[in-house]
Amino acid sequence: MQPDLHCRTLAAHTLKHFRALSPLTHCMTNDVVQTFTANTLLALGASPAMVIDPVEARPFAAIANALLVNVGTLTASRADAMRAAVESAYDAKTPWTLDPVAVGALEFRRRFCLDLLSLRPAAIRGNASEILALSGMALGGRGVDTTEAALAALPAAQALAHQIDCIVVVTGEIDYVTNGQRTLSIPGGDPLMTRIVGTGCALSAVVAASCALPGAALDNVASACCWMKLAGQAAAERSEGPGSFIPAFLDALYHLDVEAANEEN
């Protein structure tokens, strides 16, 4: 099936709901991106919480609006905490999102991520290599970098979405968002987004938060991708390199006006 281009008018409408709701988003993410992830959510209007201790993670996941599990700096004790949080979210019907960082490169995290799939994530966000590995169609990938184009992983994403009954996002130069039956494409962004640590991980947090919104999950998640792409483009226009890009990106998220960007394009 051919992907449809996501509608920016819908993304603008979804952003208004996102800012009004300010989803409380429980982020169990990796150590490298904690601050950037929290600031990204705050800039867009969400409420981040970085609760990681197993004793606290289980009850907190039940009261949050959404949960993110990012396995970038996975340890055995952190896996226990994540598993407890996901089980709690599952029982409470809290939508949770999996970011399977480098899942094809390391066996411990691969087995952990595959085990979590039985607890029905609302969304999975990864690059092409990660989605191919998680679907069982390929193993490998060099850490968080992708060795495949997003389009090459689209059949794997569609199959995984159909199998798990969730939304799968494959990110790249063009992002693809699918529920297994319908697929949306989101172009845009800027190469500078790949020259700093954490844009993909932060997107996963925004995807998680968007899953807390009412309405069609596919459209909400595609809107999240659109917001990040537009902010990346705007930030790149006023940046000289990676160092100035980060604050410009956060400012662009804070001031994001999807309707105005739509008129400019």
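Cβ coordinates come from backbone N, Cα and C, glycine included.
Annotation source Swiss-Prot lists substrate binding site at M50, G198. Sequence annotations record features per position, and here Swiss-Prot assigns ATP binding site to R125, T171 based on sequence analysis.
Across the fold, the C-alpha of M50 (substrate binding site) and the C-alpha of T171 (ATP binding site) stand 24 Å from each other. Cβ neighbour count for T171 (ATP binding site): 28 (other Cβ atoms within 10 Å of its Cβ, all protein chains included). When the alpha carbons of G198 (substrate binding site) and T171 (ATP binding site) are compared, the span between them is 13 angstrom.
Counted within 10 Å of its Cβ, the other Cβ atoms near R125 (ATP binding site) come to 31, all protein chains included. A simple way to gauge crowding: the CB of M50 (substrate binding site) has 14 other CB atoms within 10 angstroms, across all the protein chains here. The number of other CB atoms found within 10 A of the CB of G198 (substrate binding site), across every protein chain shown, is 22.
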